[in-house]
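Listed features, source Swiss-Prot:
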- I19, G61, V62, G63, K64, T65, D249, E314, R386: ATP binding site (BINDING)
Amino acid sequence: MCVVFSPRETVSELDRFIIGQSDAKRSVAIALRNRWRRQQLDGPMRDEVMPKNILMIGPTGVGKTGIARRLAKLAGAPFVKVEATKFTEVGYVGRDVEQIIRDLVEIAISLVREKKRDEVKVKAHINAEERVLDALVGKTASPATRESFRKKLRDGELDEKEIEIEVSDNNSNSTSTFDIPGMPGAQMGIMNLSEIFGKMGNRTKVRKTTVKDAFKPLIDDESEKLLDQDQIIQEALRVAENDGIVFIDEIDKIATRDGGASAAVSREGVQRDLLPLVEGTTIATKYGQIKTDHILFIASGAFHVSKPSDLLPELQGRLPIRVELNPLTREDLRRILTEPEASLIKQYIALMATEEVHLEITDDAIDALADIAVDLNARIENIGARRLQTVMERVLDEISFTAPDKAGTSFKVDAAYVKKSIGDLAADVDLSRFIL
């Protein structure tokens, strides 16, 4: 299922969306390629090759999450992002770390199901067309009548005609489930019962809709009939085991420092609970057992207060690749505004175009935006590229509000307009830190 790229191609693809941070891009590109290399090996050796998990160190807003998320999208791999602070040691109130793997399996099932749906889309569309014709002319109509209506249907002449269709009532089969504390996967029995009763009942509901709007629910319905659910689950478990990527953010927040308070006990407990996951263990899910041996773990943190060496030595050893991401410079911020395929400026221009307003942002305006972002990051708090969104929203506030009334006009943003719009924000910067 995973798409194969060479490390150079992976870095090149990441460059389209993320500025700078070449060391981090190289590390994740090599890790991705090593997965493909492992799958080319024979059985015994393949089992021995473990993924080289990565620890990204760098301030907020420099691209840590963006790199991991783009990597997963690029590879077509199941990806889950979690914050380390959301989890608690087993025995405390809160989520336990095994839920990370269960979430990964759910995402893998969604990915595999979408892939399988695409494979049966043509067949499902043909079946859906037959059901629309049944609703239009009845099942007993002559072949000539059906063909006549089929031609009209394909030409779009019947799009607005109202019909009644019968589709599966998926909601009727859903049963609320819960995990029993200390018994991961204990909801399996409940799920199996709901599936049994669902198959026995096979309930449907009648919907009144237009011919045009009927196709989507009918295609979904027919796709489900053509899919083998057991095969989807088995493939999803395999994909999650071999291609899954888990991104653990804010891992520095659970690093314990010498002389810490009692809360450090729970933080250290979370680290100890993470150890078997990262090293390789078997987790029970409602779909079956899943091994975590070959899942790629990418941990990240700013490490402003703590240091990577404050993590448990065992956990440090399971994150062998260390990458430091650099703080963003003025030039980086300027490039972020313009170079990525979906840069902020391109986004705002596209949004205004939906209102028939032509937005132009000059080069000196881009320089001014970058300068202001750097200044605010230095004077308040360094939140990296996220500061650009704050600045852009303030600058374009007026045009965003009045755009519906100015269809067919052009609007030019230059350095003078930027400074005029942002003046009060920059002036109040010293006061803003005292506002709760």
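Our numbering is plain: 1 for the first residue shown, then up by one each step along the chain.
Each residue, glycine too, has its Cβ placed from N, Cα and C.
Quick caveat, the model's predicted, so the values are computed rather than measured.
Locations of recorded Swiss-Prot features on the structure.
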| residue | record | CB count, 10 Å |
| --- | --- | --- |
| I19 | ATP binding site | 22 |
| V62 | ATP binding site | 27 |
| K64 | ATP binding site | 25 |
| D249 | ATP binding site | 22 |
| R386 | ATP binding site | 13 |
For the ATP binding site, please report the maximum Cα-Cα distance among I19, G61, V62, G63, K64, T65, D249, E314, R386 in Å. 34
